[in-house]
Structures are given as C-alpha cells and as structure tokens.
Amino acid sequence: MSRTTATTTSILDSIGQEITTILSPVSICMLLVVLLVSSLSPPSSLSSPTTPIRSAANLVYLETPDDSPSHKLQGALLNALVFVLLISAVTFLLVLLYYYNFTNFLKNYMRFSAFFVLAAMGGSIFLTLIQHFSVPIDSPTCFLLLFNFSSVGVISVFSNAVPILLRQGYMVALGIIVAAWFTNLPEWTTWVLLVALALYDLVAVLAPGGPLKILVELASSREDELPALVYEARPTVSRNGNRGGSSLGLLVGGVSESSSVELQVVSSENERVEDTEHTVIRIGEGGMGREGETSRLVNDVRERRSSSSESSEYSVDRNRQYGHEQSEIVVDEERSPLVEMLGSGNDREGREECGSETSGMTTRGIKLGLGDFVFYSVLVGRAAMYDLMTVYACYLAIVSGLGCTLILLAVCRHALPALPISIFLGVIFYFLTRLLMEPFVVGTSTNLMMF
C-alpha cells in the first residue's frame with residue numbers, strides 16, 4: 001500500500017513539472033495579450049469594432065453592429081467555413097512540399113513569415129503603443145529598433161546557436177503579435193471561428209488522413225524536425241551537441257523526461273553494448289545517496305573490465321545483474337510518468353526502447369504549436385473586452401484543458417490536439433460567466449449581500 005502511494009505521488013509530481021514547463025509561457029502569452037487589448041481597446045467597444053477590417057478570417061461577411069443576431073451567426077459560420085478550408089488547403093500544400101523534400105523552400109518560407117509577423121504586424125502594434133502612450137521617438141531610431149528586433153527574432157527561432165530561452169521568448173512574442181491581430185475580428189466571427197478551429201484541430205491530428213497527422217508521421221519517420229513554428233518546453237539535444245531530432249507532435253507532442261532523471265550508457269571498448277542492462281540510472285535531484293551508489297557502480301564496472309580477461313567475465317556478469325536490480329528499483333520509484341509510458345508493455349521491451357532512446361537523445365521536451373498560443377490568447381483577449389471576471393474564468397478553463405491534454409499525452413503516447421479541450425471549456429466558461437455568474441455577482445454586490 002505504501003509502495004503504491006509513493007509511486008502515485010512521484011507520478012503526480014512529475015506530471016506537475018511537465019505541465020509547469022509548458023504552462024508558464026502560455027500564461028505569459030495570454031497575460032500580455034490581455035494587457036494589450038485592455039490598454040489599446042476603447043472602453044465603448046464591447047462587441048465589435050466600429051470599422052470592420054477585411055482579413056482572411058472574414059472574407060465572406062463583414063459584421064456590423066446593426067446586423068441581426070441570426071444574420072451575424074450565419075455570416076460567422078460562413079467566415080469560419082472559408083477560413084478552415086483555407087487553412088486545410090495550405091496545410092495539405094505544406095505536407096505535399098515536405099513529402100517531396102522541398103525542405104529548403106519551407107524553411108525559407110517560415111523565415112519570411114516570421115520576419116513579416118515581427119516586422120509588419122509587430123511594427124504596427126509597436127507604433128500603436130507609441131501613439132497611445134505618447135512615447136517620444138524619432139523615425140530612424142524606431143525603424144532601426146524594429147529591424148534589429150525582427151532580424152534577431154528570425155535568427156533565434158531558426159538557429160541552433162542561440163540559447164533556448166531566447167528562442168522561447170521570440171516564440172511567445174510571435175504568438176502575442178498574431179493573437180493581438182486576431183482580437184480585431186468581430187465578436188460573433190471570433191467565437192464561431194474558435195470553435196471551428198478546435199474541431200478542425202481534432203480532425204487534422206487524429207483522423208487517419210488528417211494533414212497534421214501525416215506531417216507528424218513523416219517527420220517521425222525521417223527523424224527530422226517538423227516544418228512548423230513549434231514551441232519547445234525543453235531543448236532536444238543529440239549526442240553530438242546539436243538541437244534537433246524527431247518530435248511526436250505538432251500541437252502537443254514529444255515525451256519529456258523529468259529533470260531529476262538522467263540516463264547514461266556505460267559501454268566497453270572491447271564489447272558492443274546491445275543490452276540495456278549496461279544502462280545506469282543516476283538520480284540528479286533528491287537522491288545523493290543513490291547517485292553515489294550508481295557512480296561507484298560505474299567505476300566498479302570499468303575497473304573490473306580493465307582487469308584480466310578471466311576475472312573480467314565474472315565481474316561483468318556480476319555487475320550486469322547488480323546494475324539490472326538497481327535500474328529496476330530506481331526506475332520504478334523515480335522515473336517520470338511520460339518516460340514510464342514509453343516503457344509500457346513487458347519490461348524487456350521497455351528497457352530496450354529506453355536504451356535506444358538514450359543512445360541518440362539526452363532530453364525530449366513537450367512541443368506546443370504556435371497556433372495553440374495564438375488561439376488561447378485570442379479567447380482570453382476577447383474575454384478581456386467584456387470584463388475581468390470572464391478573463392479569470394477563461395484562463396482557468398484553458399489551463400484545465402491543457403493539463404488534461406498533457407495527461408492524455410502521457411497515456412496515449414502519440415501526438416494530440418491541444419485546442420479542443422481548452423477551447424471548448426473556455427467558450428463554455430465565458431458564456432456561463434457572462435450570462436449567469438456576472439449578473440449574480442454584480443447584483444449581490446450592489447445590494448450589499450456579498451462583498
């Protein structure tokens with residue numbers, strides 16, 4: 001009973017660490033979008049802007065405040081349908097280009113897209129902030145700052161020679177800029193579009209012929225990075241020191257190992273290591289005693305192998321058996337649940353898979369697509385145009401949905417869509433808060449029934 005309780009506690013702690021690594025940047029992105037929307041939106045603009053802006057998300061219908069609710073709903077459905085069809089066509093084209101190895105074209109296209117978002121769309125937001133807060137700055141300085149910001153951003157996102165923290169920061173900045181632009185859409189179009197994109201995400205990732213599912217499978221078979229803007233919770237570092245490797249998903253994918261677990265392969269010059277009984281687990285946090293034991297084990301193995309051939313055979317067999325027992329004990333108590341999911345099945349297959357994974361990769365981080373950042377932030381940004389109470393409710397709903405998705409990722413062991421659960425919960429919580437909770441709280445507060 002105590003053993004089961006300890007294992008459950010370890011699994012919950014590890015899942016909490018995994019969720020925190022991806023939840024922090026998502027929360028920062030949503031917070032900054034809410035601040036942008038709250039500071040730049042006029043107080044009177046509750047539902048829709050007075051001058052609708054034509055974009056790819058409202059090609060068919062331009063919503064105006066004078067339209068009837070049925071007309072707004074019909075137009076919003078048409079806009080969402082056209083936008084989803086457009087996204088599907090672009091995604092299938094991307095998959096086709098990647099299938100025929102037009103990787104250089106895709107990389108250059110993504111570089112151009114990132115530079116355009118940072119320079120053009122980000123520059124527009126930057127100029128709006130300057131005008132709103134009356135910041136004294138001349139045009140040459142503004143242009144120089146914007147160009148440097150965009151250039152460094154492109155280099156950071158697509159280069160392996162920059163710190164992972166800088167790359168993550170620019171990925172969050174891209175999400176903030178795109179989300180701030182999507183908040184300019186009319187209200188009805190925004191909500192219908194969010195629901196439609198969540199449904200599309202569900203089909204594209206899980207359906208047998210879904211474009212994102214095909215793209216993830218192609219990238220995994222080639223052991224290549226996904227041709228998309230993906231946020232890495234942790235860097236993926238290969239043995240030769242380069243960041244890269246295959247990823248399990250565009251939206252939510254990959255398997256991240258707990259920072260307290262490190263895998264080391266002990267090899268011999270005279271013998272090829274093909275069995276994971278040579279693998280030694282070293283605990284990096286909260287296990288100094290076991291670390292000393294396993295370190296002595298590694299030294300003992302090396303010393304015995306360097307001795308005479310007769311004693312070497314005996315010592316190798318002995319330490320194999322001892323190392324096997326130590327590995328089973330440590331893995332059973334301390335390994336991350338996401339690592340444990342990889343080792344499901346019989347113990348032999350799990351150890352072989354763990355050993356093969358260790359030989360080529362030191363860490364694998366959870367990956368979240370940039371679109372998830374964008375539409376999470378669009379939802380809370382739209383909620384910020386109404387009231388802060390709806391912002392809190394939508395944020396809690398998104399966080400809960402993302403946590404459920406990460407737990408399902410540990411169970412299913414393949415790429416999962418990150419939008420459906422969070423978006424559906426966020427939309428439901430928004431309308432429940434706006435239609436039920438907000439009138440109740442305001443009414444009780446004004447009548448001095450609740451403080």
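Any Cβ shown, glycine's included, is placed from N, Cα and C.
For 21-40 (among others), the entry in TrEMBL reads transmembrane segment. Below 8 angstroms of C-beta separation, residues 125, 128-129, 132, 168, 171-172, 175-176, 179-180, 183, 231, 233-234, 256, 365-366, 368, 372-373, 376-378, 380-381, 384-385, 391, 395, 398-399, 402-403, 406 of the same chain, each at least six residues beyond the ends of the transmembrane segment (21-40), sit close to that stretch.
Among the features that TrEMBL reports, transmembrane segment is placed at 76-100 (among others).
The transmembrane segment feature in TrEMBL is assigned to 112-131 (among others). Remote same-chain residues near the transmembrane segment (112-131) are listed as 36, 39-40, 137, 142, 146-147, 149-151, 153-154, 157-158, 170, 173-174, 177-178, 180-181, 229 (criterion: CB distance under 8 Å, separation of at least six residues from the stretch ends).
Under the heading transmembrane segment, TrEMBL lists 143-162 (among others).
Counting only same-chain residues 6+ beyond the ends of the transmembrane segment (169-185), those with a CB under 8 A from a CB of the stretch are 25, 28-29, 32-33, 36-37, 49, 53, 55, 57-58, 114, 117-118, 121-122, 125, 152-153, 156-157, 193, 229, 231, 370, 373-378, 381-382, 385. Feature annotation from TrEMBL assigns transmembrane segment to 169-185 (among others).
According to TrEMBL, the region 'Disordered' annotation covers 286-326.
The annotation compositional bias 'Basic and acidic residues' is assigned in TrEMBL to 288-307 (among others).
Annotation comment: TrEMBL describes 315-326 (among others) as compositional bias 'Basic and acidic residues'.
What TrEMBL lists as transmembrane segment is 390-411 (among others).
Remote same-chain residues near the transmembrane segment (418-437) are listed as 191, 194-195, 197-199, 201-202, 251-252, 368-369, 371-372, 375-376, 379-380, 382-383, 386-387, 389-390, 393-394, 396-398, 400-402, 404-405 (criterion: CB distance under 8 Å, separation of at least six residues from the stretch ends). Summarising the annotation, TrEMBL assigns transmembrane segment to 418-437 (among others).
Non-local neighbours of the transmembrane segment (76-100) in the same chain are 56-61, 63, 106, 186, 188-189, 191-193, 195-197, 200, 204, 211-212, 214-215, 218-219, 227-228; each lies 6+ residues outside the stretch with a CB under 8 Å from one of its CB atoms.
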